[in-house]
Amino acid sequence: MRGDFYKQLTNDLETARAEGLFKEERIITSAQQADITVADGSHVINFCANNYLGLANHPELINAAKAGMDSHGFGMASVRFICGTQDSHKALEQKLASFLGMEDAILYSSCFDANGGLFETLLGAEDAIISDALNHASIIDGVRLCKAKRYRYANNDMAELEARLKEAREAGARHVLIATDGVFSMDGVIANLKGVCDLADKYDALVMVDDSHAVGFVGENGRGSHEYCDVMGRVDIITGTLGKALGGASGGYTAARKEVVEWLRQRSRPYLFSNSLAPAIVAASIKVLEMVEAGAELRDRLWANARQFREQMSAAGFTLAGADHAIIPVMLGDAVVAQKFARELQKEGIYVTGFFYPVVPKGQARIRTQMSAAHTPEQITRAVDAFTRIGKQLGVIA
């Protein structure tokens, strides 16, 4: 029986390779930044990191992290409720809550844990969760852990969301929660949060938003998609990460009203049974929020880069998804083509990743490019030139 198990895994791996669905992990030997070094020693320009503000290797963050270790040590060796809560953890939680316009916040090891520990803690079998079809895997998995009745609506489809809300209310749900990404990360599309909040008000539902791909750079002050959509104060729960725009290390959080956060501290299993966030990450994250609040220079640079890339790629004839975001997917359709395109781009000094099933639906393979404030206009033009050459070679564009 054990032999059959390993044989099955071997066959599955071989099938994934044969179908072009096997994900290779490429090695980076430098710090994460716009210009990186890979295993063969070559220098490439990175267009696939979540390093939106270009802060992953910023000297001010590195110095803040070092200072955090000097003052508070390397690790906590404890969960929060035993002996793993330092003053800096509370300071970061308060700063996150204030920045997001919420009453309180709670830190997790990752946003995956924040979402994984949210739904089953707050909702039960008498309740209902209505989830966008393109929500992140962490929301999907978190909802699966919950006993609440589950509904799903087509991506950003307000008519279908309203139909699901009616179903849930007619079925007698005690509490109804709408769960959505703030930005759908495979498409670079911002959720229609005004429509969601309007329907939530109409049907007396709660709204939860995972804003991992927005906080720090989306909205006038970088507060996220709820600021961009002018619904601050109308979203009940915001989850997010410290591992993308806010420094790119690790850590997640949930921000909400105080009673929600306090109940999560009492019952959320990933919070109760995971080590506290490391002091270096906490200190650097506080510094990041200070930098974001200090001015719009990095955000302005990011959006200028996104506009340049989208305009030049569209002019070259590529089909692009999304809008108004630093995620700009280049649609290719075929998984094998997406992988070959990515390999050829790396030879040209452009570092990207092909995305394909099961990460995206079959037939919708793509290269998801991500702009950074750290990119220069010259680097963006170089990337577009490489895309254009290879696109013509592979028959993607004329």
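Placement of Cβ uses the backbone N, Cα and C atoms for every residue, glycine included.
According to Swiss-Prot, the protein carries these features:
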BINDING   CYS111, PHE112, SER185, ASP210, ASP211, SER212, HIS213, THR241, LEU242, GLY243, LYS244, SER274, ASN275  pyridoxal 5'-phosphate binding site
BINDING   HIS136, ARG368  substrate binding site
MOD_RES   LYS244  N6-(pyridoxal phosphate)lysine
- Note on the structure: Cα-Cα, LEU242 (pyridoxal 5'-phosphate binding site) versus ARG368 (substrate binding site), nearest Å, comes out at 21
- Task: Pop the Cα-Cα gap between ASP211 (pyridoxal 5'-phosphate binding site) and HIS136 (substrate binding site) into the table, whole Å please.
- Result: 10
- Message: Can you tell me which of the binding-site residues CYS111, SER185, HIS213, LYS244, ASN275 is spatially closest to ARG368 (substrate binding site)? Compare CA atoms only.
- Response: SER185
- Where ARG368 (substrate binding site) sits in the secondary structure, as DSSP reduces it to three classes: strand
- Query: For the binding-site residues listed here, HIS136, HIS213, LYS244, ARG368, which shows the highest count of neighbouring CB atoms within 10 A?
  - Reply: HIS213
- Out of CYS111, LEU242, which of the binding-site residues has the smallest number of neighbouring Cβ atoms within 10 Å? CYS111
- For the binding-site residues SER185, ASN275, which one has the sparsest Cβ surroundings, going by other Cβ atoms within 10 Å? ASN275
- Take the Cβ of ASP211 (pyridoxal 5'-phosphate binding site) and count every other Cβ within 10 Å, whichever protein chain it belongs to. 29
